[in-house]
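Chemist: Would you mind keeping the following structure in view while I ask a few things?
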Amino acid sequence: MLLGDLAGIADDSDVTGFALDHRKVAPGNIFGAFRGARFNGEDFIAEAIRRGASAVVARPEAKVEGVPHLAADEPRKLFAELAARFFAPYPETIAAVTGTNGKTSTVELTRQLWRMAGHRSASIGTLGVTTADDQVKTGLTTPDIVTFLSNMAGMERMGISHVAYEASSHGLDQYRAEGVPVKAAAFTNFSRDHLDYHPSMDAYFAAKMRLFDEVISADGTAVVWTGDPKSREVIGHATRRGLKLITVGPGADTIELVSRQSTPLGQQLLLRHAGKDYKLSLPLIGAYQMNNVLTAAGLVLATDGDWATTLSGMGRVSPVRGRLERAVISPAGAPVYVDYAHTPDAIEAAIEALRPHVEGRLITVLGAGGDRDHGKRPEMGAAAARLSDVVIVTDDNPRSEDPAAIRKAVLAGAPGAIEVGDRRAAIAEAIDMAKAGDIVLVAGKGHEQGQIIGDQVLPFDDVTVARECAA
Ligand SMILES: CC(=O)N[C@H]1[C@@H](OP(=O)(O)OP(=O)(O)OC[C@H]2O[C@@H](n3ccc(=O)[nH]c3=O)[C@H](O)[C@@H]2O)O[C@H](CO)[C@@H](O)[C@@H]1O[C@H](C)C(=O)N[C@@H](C)C(=O)N[C@H](CCC(=O)O)C(=O)O
Ligand SMILES: Nc1ncnc2c1ncn2[C@@H]1O[C@H](COP(=O)(O)OP(=O)(O)OP(=O)(O)O)[C@@H](O)[C@H]1O
Ligand SMILES: N[C@H](CCC[C@H](N)C(=O)O)C(=O)O
Ligand SMILES: [Mg+2]
């Protein structure tokens with residue numbers, strides 16, 4: 001039986017699919033009724049059955065009448081397991097990436113390195129589903145489990161053999177990033193974010209560690225960036241699970257970063273692998289991008305990649321959209337960079353990446369998102385104020401909140417900063433004040449194509465706006 005021994009389902013050939021939202025139930029679907037942040041899915045069970053649900057996955061306490069009740073204390077987990085069996089098969093080589101910052105970059109760079117090694121590869125994450133020829137948006141970093149599994153299965157049918165995906169802490173916590181055989185899992189770093197959702201930093205870290213404790217296959221390989229204060233703890237999780245281990249970064253065993261020097265267009269690295277030293281010219285600026293390239297290389301080695309091909313690939317990677325992307329050079333000659341930094345640590349990383357290239361002043365434009373972690377706002381402001389010469393605080397997706405109150409919270413950490421609510425006006429002001437030798441950093445939105453105000457999404461692209469302001 002395809003779905004195994006499911007109590008009460010006599011013939012699972014009647015199962016036509018899986019639905020998480022009762023409005024999407026088609027006859028024969030298995031409905032997952034979960035208690036969420038806004039709704040209790042159990043309230044929609046009767047309606048889902050009226051629409052033809054063939055069974056319902058829900059907590060034992062839920063009321064399910066007329067169709068089999070597949071009960072579990074953690075129904076999202078059971079639903080993921082059953083859906084995973086339904087949608088199989090999947091691409092042969094799947095890798096996952098977790099960490100506070102760098103997931104999108106790492107999955108994208110992994111996809112590129114695999115492709116350069118001759119594989120048909122794809123990535124799933126904040127940028128959507130990316131293949132060599134296409135990019136389709138999903139709206140979330142880790143899509144819902146049905147979208148995730150059906151995309152994975154679809155890619156297998158398209159002949160894609162290698163997929164790297166982002167496992168966000170929300171995704172891991174809600175069992176929406178699993179069910180597929182994960183051969184390798186990477187950890188990038190850990191710092192403050194999402195404390196609106198997770199009750200504490202420990203809970204946030206624990207959500208991420210599910211990737212190593214449960215999601216990755218037992219015979220898989222953990223790839224750990226060594227330059228983070230949490231790296232040792234992650235290695236502990238991997239070791240306890242009996243995973244193979246690849247470490248990359250300072251003092252690492254597999255790819256050791258021996259030295260690094262910024263150059264005008266990138267960076268020169270000295271790497272040590274298997275006892276030998278190798279020079280690498282990386283065509284991307286910023287230490288953080290190097291971290292992500294090495295982590296991606298670790299994933300490629302963990303999935304049977306060979307060193308010579310991977311090393312040569314690293315020298316040819318393309319920039320990741322919205323990550324230290326040079327949008328334009330201002331009329332006065334100041335480069336304007338767009339970067340997706342939206343955590344205190346990322347603001348620091350983005351500014352540090354640009355600092356070696358600044359002769360005059362570094363002018364940072366930033367805001368913080370509404371309906372997200374409030375505590376990170378002053379910390380983001382403080383990081384920007386400490387490391388920049390001029391800070392302009394503006395709006396970044398206020399969502400349902402009062403934009404002025406969000407700016408006030410950011411300004412609390414950046415007392416000398418200039419406040420310009422309208423994002424276009426803020427970018428224009430930064431570009432106008434920039435002189436030759438200065439650099440402008442527009443942080444927070446990266447690749448995003450809209451400004452979310454209330455429940456409206458107004459078209460907005462930092463790169464385009466910067467070009468228009470510089471014209
Ligand atoms: C807080 C959060 O993560 N919420 C996600 C979660 O929703 P939820 O389970 O809490 O859903 P809910 O709206 O309360 O509804 C509960 C259940 O009732 C069902 N329902 C609801 C209404 C109805 O009429 N009928 C019905 O059946 C829903 O389908 C759901 O199963 O599961 C949904 C489907 O899987 C997600 O769409 C939703 O993402 C919301 C929109 C969101 O904004 N999420 C962000 C915070 C997020 O997940 N971000 C992460 C990290 C970003 C990063 O990379 O840093 C991401 O992975 O994108
Ligand atoms: N390895 C890293 N270390 C520190 N900061 C980083 C690192 N990688 C990326 N960043 C910062 O984080 C920003 C977002 O990068 P990226 O999109 O790759 O991360 P992410 O983990 O996918 O983010 P999200 O949680 O929003 O999906 C970058 O623009 C940069 O400012
Ligand atoms: N995945 C992140 C993206 C944040 C991007 C920033 N522009 C914001 O809106 O805060 C989140 O949903 O928290
Ligand atoms: Mg991402």
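The backbone N, Cα and C atoms fix where each Cβ goes, and this holds for glycine too.
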Chemist: Pick from 168-171, 396-399, 448-451: which stretch is listed in TrEMBL under motif 'Meso-diaminopimelate recognition motif'?
Modeler: 396-399
Chemist: Please identify which of ARG355, ARG361, ARG372, ARG424 is recorded by TrEMBL as part of the meso-2,6-diaminopimelate site containing ASP396, ASN397, PRO398, ARG399, GLY444, GLU448.
Modeler: ARG372
Chemist: So which of the binding-site residues GLY99, THR100, GLY102, LYS103, THR104 sit close to ligand 4, that is, with a CB under 6 Å from an atom of it?
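Modeler: Among GLY99, THR100, GLY102, LYS103, THR104, near ligand 4: LYS103, THR104.
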Chemist: Give me the sequence-ordered set of same-chain residues, not including GLY99, THR100, ASN101, GLY102, LYS103, THR104, SER105, with a C-beta within 8 angstroms of the centroid of the ATP site's C-beta atoms.
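Modeler: Everything else in range on the chain: VAL97, THR106, GLU166, THR188, ASN189, ASN292.
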Chemist: Quick check: in three-state DSSP terms, what is LYS208 (N6-carboxylysine)?
Modeler: helix
Chemist: Which number gives the other C-beta atoms within 10 angstroms of the C-beta of LYS103 (ATP binding site), all protein chains shown included?
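Modeler: By my count, 27.
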Chemist: What three-state secondary structure does DSSP assign to ASN101 (ATP binding site)?
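Modeler: Where ASN101 (ATP binding site) sits, the three-state DSSP reduction gives coil.
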Chemist: For the motif 'Meso-diaminopimelate recognition motif' (396-399), jot down how many residues DSSP puts in helix, in strand and in coil.
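Modeler: Per-class counts: 0 helix, 1 strand, 3 coil.
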Chemist: Within the domain 'Mur ligase C-terminal' (322-446), what mean pLDDT does the predicted structure show?
Modeler: 97
Chemist: Return the single residue from the binding-site residues list (ASN101, SER105) that has the minimum number of other CB atoms within 10 Å.
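Modeler: Each of the binding-site residues ASN101, SER105 was scored by Cβ atoms within 10 Å; lowest is ASN101.
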